[in-house]
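What Swiss-Prot records for this protein:
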- 9-277: domain 'tr-type G' (DOMAIN)
- 18-25, 86-90, 140-143: GTP binding site (BINDING)
């Protein structure tokens, strides 16, 4: 095995998906603790509660603007190199969150044991399904009251349409939480509260049919055996092929706050999740062990601090090796660039990078020339597929405070749309400009950046648009008929694509029924 192949085999690149407040931030801290990247799990010990005291580096990042370090974290674990990509929480949820999932090879789904499957999780799982991403599941908050675990598994299967295979099974919950039983291994991992800050070796009780296990479970023993019989009769067994194809998820139970069960999940990522996978380009399929460097940009992050105009373009390496100072071809522009200052995001620091391999995420300084979906190579003309625009879920009409600045407004919005900060639609029937976003914060970011960078002040007005769909049709005549009939709701997006702005869900259903030859797409590839 070449050194490059060995490096690729070590990589695991995954993202965490969850609904806000399911414990994603806590599990991220504990995963970093597993990799010893944060000495005290990102949390400064305060006497009573760890909840509000985050570490200095997070505070510093907040003052500097949107945190970059928390977007990508790289840390070693069990002789592997883990690349963990964060998907932002509630306030800063945006299309970036969806696109981040196009840059990973697997995902960790975190569910709140008291609430089960929630709306944001469903939306993120839909994106994972576009590429059949393998999913590991962690049911969190066992140190609180949770719903019946069997009910939770049923809900995963019914709502997320994926088979659920429990790997561990909880013994009690809340004050009675005693640990988990490993179904295939026939051993109990004992929960000892109060080790949220440190890595401790959990006590193991071999065999459920043992005096030690009976003593540990006490009065619960017989009831647990009954429940286990039910679980083993009704649940799926883990199957590696089904997992890799995104059809089955292994399920673990634990409490991230109590630092229990997180290592089981990370072990699953190392043992079962795929190493960096081949990526499909329009021209051919690119294998990660190829010698020549290739990569694509899936996210551009602007620094909110006006003093730092730098934007970081996040690139997933698909093949070859990045070396400091190497020459790369920016395929869309045809320009060759020498990249001497790419960033890595090791643990909690932004550092200049010496080398990186397939599966790694690197940051390029971007002065407005790089767009989402751009490919970089050592000269080959390649364009990777599967980096989509997603149909926005929220819409606003833009109103200019100074009508003389409409040119600057259009220019600014065009730039921000290319960067992925928002989507812009120009209705066929009016001079309105409509913005689309996935999270409310995107609108605030756009307004503040228009003001700072383009000296344009704007306000937003509500508008009756439920969703957007990109339109295509193989029959030119039918497409023309459709355009005449649907003119009222048609727009052109920032990339020049025909889009249908549906005022209601019912309207969209009716249109899809009436025009069976017209494709109404909820995603559109970046070109």
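From the backbone N, Cα and C atoms, a Cβ is placed for every residue, glycine too.
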Query raised in the report: Residues with Cβ closer than 8 Å to the Cβ of residue 87 (GTP binding site), same chain and 6+ apart in sequence?
Result: 15, 16, 17, 24, 97, 100, 101, 124
Report task. Tell me the Cβ neighbour count for residue 18 (GTP binding site), meaning other Cβ atoms within 10 Å of its Cβ, over all protein chains shown. Result -> 23
Query raised in the report: According to DSSP, which of helix, strand or coil covers residue 18 (GTP binding site)?
Result: strand
Query raised in the report: Just counting, how many other CB atoms are there within 10 A of the CB of residue 24 (GTP binding site)?
Result: 21
**Report entry** Among 21, 142 [binding-site residues], residue with fewest other Cβ within 10 Å
**Finding:** 21
Report summary line: The predicted model's mean pLDDT over the domain 'tr-type G' (9-277) is 84
